[in-house]
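What follows is a short report on a single structure.
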Amino acid sequence: MKETKVQNTIAGAKGITFSGDTFVVPETHDMVKTLFDPMVRKSYCEMIILLILAANGLVFWLINNNTLRIETFIGLYIFWRLSYNFGIGYLLNVQSNHHRLVKWARKAQVFKKNGSLVSRLAEKEIKSQMGPEYDVQKYPIEFNTWLLFRKVVDLILMSDFTTFICLVVVCAINKDYQFINSDQQEVWLISTRLILGTVLILFNLWVKVNAHNTIKDYAWYWGDFFFRQINNEDLIFDGVFEMVPHPMYSVGYVGYYGFAIISKSYTILTVAIFGHFLQMIFLHYIENPHIDKIYGPSGNEADIEMLLKLKDLRHFDNIKPLVGLLNFTWLRASDMTNLIMVGTYSFTIPYLASLVDTVRVGETGVNPGTILFILTIVIKVFESLSINILLILQSYYKTFTKWYLSNDISVEKTLNNWSIMYNSLISLTYSSFFGLNFYHVLIGLESDKLFINSWVYLRIFLGILLVFTQVWINSSIIDSIGYFGWFYGDFFIPKTSQQKAHLTKAGVYRYLNNPEQIFGVCGIMGVTLIIPSLENLICCVLWVTNNFIRINFIEKAHMIKIYGEREVMKDSGVTKTFKKHLIPGAIQRRLSKGSEDNSDLLNQHRRKSTIMAGATDSLDNFIKELKNTNTRLTKQNILELSQNLYFENSDYKLVIKNLNTTENNLSTAFIGEPIEVEWKAPENHSPKDWIGLYKTVQTTYSRYKTLISSSDRWTQVTSDSGSYVFEGEKLFWEEGIYEFRYHLDGKHDVAYISEPFELTSANIEVPPSTEGSIVLANELKAKVFDRAIVGFGSIDSPIDSAVQKSGSIIQTYNRLAYVISKSTGIHINAKVFLYADNEDELTVHKLSLKLINIRKVLDDLSHAHYPLSEEKKEE
């Protein structure tokens with residue numbers, strides 16, 4: 001029962017065995033329909049299964065003593081649960097690793113027409129399942145073995161569930177129908193239990209139904225242990241599988257806890273925990289290894305993933321950094337310091353405090369518990385303010401990095417030192433909180449100081465569950481984004497081409513965008529639930545508030561600056577699933593209306609409303625796709641696709657001058673070309689109005705408010721109408737789709753958005769011989785160097801001398817390398833300029849000779865005789 005990509009197990013689906021035999025998979029039915037639908041024929045095994053299930057009712061009727069009933073059904077449930085997790089687990093394990101079930105069937109000649117009792121029984125059973133027209137000999141032995149294995153699964157799984165339900169019933173009616181006895185519990189509590197339990201059961205039912213609709217019988221019965229379905233190479237994450245990892249084993253068991261709540265029985269709760277625990281063992285040792293073997297990465301991919309994890313450690317002196325006390329190393333000074341600190345605040349101080357009744361503060365005696373509480377609050381407030389302020393200063397002003405560089409410490413060292421500081425402060429807060437509660441345990445909990453005194457075992461169970469959830473979530477986060485992400489590496493290390501250009505959507509981030517927002521502090525909630533005192537409640541509120549502020553107002557803002565709105569605000573799996581099931585389909589399908597001439601194209605590419613913008617392609621990608629089509633769009637269509645018609649009747653206007661128009665009616669300009677924008681505003685407009693230049697792919701999510709910085713690509717609106725030329729540092733120096741935005745009153749509220757336009761590279765053809773070097777040099781100078789460097793000299797002027805006069809040497813070299821690579825189709829690195837044999841003597845003319853030589857070498861290697869510029873166009 002796994003998240004397997006499968007079309008269906010109906011006629012027409014193609015199957016292939018592990019030995020290479022292909023076949024058409026016939027129709028099969030799910031467990032419930034097979035057993036309980038009177039319209040579906042019953043096999044001999046299925047009739048036996050129904051009799052065994054009915055026998056549970058006979059056990060209930062024959063045993064009059066309810067205590068004996070409970071003990072009997074506990075024994076039966078344990079038997080069937082062990083049969084499931086260890087019996088079926090063993091069969092699947094030997095089948096996965098050795099194809100043992102198929103070998104047994106082949107050795108016993110189960111499906112041979114030899115007249116033996118075994119073969120006749122097997123044939124009758126399969127034909128009673130599949131119909132008399134089913135020919136056992138025409139199908140692979142693997143598929144027939146799977147059909148018989150399904151009956152074993154049906155027997156064990158249905159018996160497991162039936163005995164559990166019988167146990168729920170006998171526990172619920174115990175002690176004079178305790179689950180609804182108003183003499184034992186108040187009516188409002190009974191009603192709350194029944195409603196909550198029913199909700200959990202219905203949710204569990206939805207999970208099971210949705211899971212089966214997604215994975216079908218093939219994966220429900222572990223079909224890929226026996227054969228594969230063709231075009232079924234990847235796991236699928238859809239429906240409930242997009243909400244939580246392994247839903248059949250995680251939230252697929254919440255119904256068990258719902259039954260425990262309804263029955264008001266700790267016996268049922270204990271049995272549910274026992275069954276769920278065994279199921280997780282089954283997942284870890286049987287299910288996951290097979291998933292990794294069948295759907296996991298290849299050997300090379302696994303090696304690459306391991307190398308990436310090792311490279312993640314280069315910022316931490318190539319040793320896993322300390323997270324809490326995880327990765328502790330005796331020979332690392334910071335680890336020893338953390339160990340002493342954690343031990344002191346968690347155990348030593350609370351123990352010493354428990355030895356005294358009061359602590360003298362001046363003339364007043366103060367309870368040690370009060371001092372520990374104040375200490376915990378002070379430490380948490382200090383950690384919250386210091387970490388948050390440092391992250392803000394680092395995000396906007398690079399304060400942390402600048403200090404290290406000013407002291408001749410490399411950038412790579414900043415993240416390692418930050419990780420030590422961050423982990424020490426976090427460990428200090430948790431140690432002080434633990435110490436506060438440890439002190440109260442040592443002196444004995446006073447019931448009058450607790451909000452809740454009842455349901456002790458339930459509180460302990462839920463509290464421990466929340467603590468383990470936080471530990472699991474934190475480990476999943478580190479596994480997904482590495483230590484670099486855990487310690488806010490994006491704040492400290494500049495993003496390079498080697499780093500990921502997109503935020504990860506693997507692991508726990510497939511289901512939640514910010515899993516740490518709630519689950520990152522649920523351990524504190526768990527401790528508060530176990531010891532529900534006012535002190536713990538205040539601490540819990542403080543933890544949750546700080547976590548919310550740090551993630552939503554500091555981390556998210558920085559991620560938007562680095563990766564853009566579109567990347568940060570993608571819907572998580574849970575959000576997608578809730579939208580799919582809660583938002584009416586008519587709203588989801590509503591698209592902008594387009595012209596009749598382009599209706600097919602617009603229906604395919606048009607953006608949805610702003611609410612659903614997260615599920616659409618960017619205008620940037622759309623225009624790139626448009627280049628490969630023969631469809632012509634009008635400027636009106638382009639404006640409509642970009643959602644700029646929102647401002648059609650605005651009193652504010654922006655018009656971009658001197659743009660080129662392609663045959664697809666797209667407005668373009670060459671990288672580095674000055675761009676003049678004219679504005680028109682009402683007479684009473686604010687003198688603080690301003691115009692900024694943005695990349696559309698980073699502003700897709702908000703057409704009325706700009707959420708990212710203009711990075712100094714802006715100008716003040718000084719009059720009711722006028723124009724301004726964006727050039728040099730005011731421009732973007734990379735290809736893409738861009739737009740100008742008119743903002744109001746010095747803020748980021750948008751009054752008008754210009755038509756989108758594309759920045760492209762000029763087409764410069766590199767000649768095949770040095771005879772054309774002068775022409776190439778002049779073209780490079782005119783289309784690249786004159787635009788990138790103000791006042792550039794001749795083609796024989798040293799490039800380095802001109803670059804030295806620019807604002808940023810490295811940035812200028814990177815721009816030159818990028819534009820030349822895009823324009824010529826020959827990739828060069830900034831190292832061409834930085835590591836030249838004699839930087840002072842490198843000229844545009846000599847650079848053109850280098851390009852011609854590179855082109856010649858590439859042509860010789862590829863035996864190609866077409867111009868590189870033509871190849872570039874095709875790309």
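Yeah, the Cβs are placed from backbone N, Cα and C, and that goes for glycine too.
Positions annotated as topological domain 'Lumenal' by Swiss-Prot, on the basis of sequence analysis: 1-42 (among others).
Across the topological domain 'Cytoplasmic' (64-71), DSSP helix (H, G, I), strand (E, B) and coil residues number 6 helix, 0 strand, 2 coil. According to Swiss-Prot, the topological domain 'Cytoplasmic' annotation covers 64-71 (among others), on the basis of sequence analysis.
When DSSP labels each residue, the topological domain 'Lumenal' (93-152) comes out as 43 helix, 0 strand, 17 coil, counted as helix, strand and coil in that order. The topological domain 'Lumenal' annotation in Swiss-Prot covers 93-152 (among others) and is backed by sequence analysis.
Counting residue by residue with DSSP, the topological domain 'Cytoplasmic' (174-186) contains 4 helix, 0 strand, 9 coil. The topological domain 'Cytoplasmic' annotation in Swiss-Prot covers 174-186 (among others).
The topological domain 'Lumenal' annotation in Swiss-Prot covers 208-242 (among others).
Sequence annotations record features per position, and here Swiss-Prot assigns topological domain 'Lumenal' to 287-338 (among others) based on sequence analysis.
The annotation topological domain 'Cytoplasmic' is assigned in Swiss-Prot to 360-370 (among others). Residues 353-354, 436, 439-440, 443, 535 of the same chain lie 6+ residues outside the topological domain 'Cytoplasmic' (360-370) yet bring a C-beta within less than 8 angstroms of a C-beta in it.
Cβ atoms under 8 Å from those of the topological domain 'Lumenal' (392-424) belong to residues 314-317, 321-324, 334, 337-338, 341, 483-484, 487-489, 491-494, 554, 557-558, 561 of the same chain, restricted to positions at least 6 beyond its ends. Residues or ranges marked as topological domain 'Lumenal' in Swiss-Prot: 392-424 (among others).
Annotated topological domain 'Cytoplasmic' per Swiss-Prot: 446-459 (among others), in sequence order. In this model, the topological domain 'Cytoplasmic' (446-459) carries an average pLDDT of 85.
The annotation topological domain 'Lumenal' is assigned in Swiss-Prot to 481-517 (among others).
The topological domain 'Cytoplasmic' annotation in Swiss-Prot covers 539-875 (among others), and the record cites sequence analysis as its basis.
Positions annotated as transmembrane segment by Swiss-Prot: 43-63 (among others).
Here Swiss-Prot flags 72-92 (among others) as transmembrane segment.
Taken from Swiss-Prot, the feature transmembrane segment covers 153-173 (among others). Only residues 6 or more beyond the boundaries of the transmembrane segment (153-173), in the same chain, are considered here, and those with a CB under 8 A from a CB of the stretch are 31, 34-35, 45-46, 48-49, 52-53, 56-57, 59-60, 66, 69-70, 73-74, 76-77, 80-81, 83-84, 87-88, 179, 221-222, 256, 259, 262-265, 267-268, 271, 275.
If you look at the transmembrane segment (187-207), the same-chain residues 6 or more away from its ends with a CB under 8 A from one of its CBs are 179-180, 240, 247-248, 251-262, 264. Look at Swiss-Prot and you will find 187-207 (among others) tagged as transmembrane segment.
If you look up Swiss-Prot, you'll see 243-263 (among others) marked as transmembrane segment, on the strength of sequence analysis.
Residue counts for the topological domain 'Cytoplasmic' (446-459) under DSSP, split into helix (H, G, I), strand (E, B) and coil, are 7 helix, 1 strand, 6 coil.
Each of 72-92, 425-445, 460-480, 518-538 was scored by its Cβ pairs under 8 Å to the transmembrane segment (266-286), and the highest score goes to 72-92.
Here the listed stretches are 43-63, 72-92, 371-391, 518-538, and the one with the most C-beta pairs under 8 angstroms to the transmembrane segment (425-445) is 371-391. If you look at the topological domain 'Cytoplasmic' (174-186), the same-chain residues 6 or more away from its ends with a CB under 8 A from one of its CBs are 66-67, 70, 193-194, 262-265.
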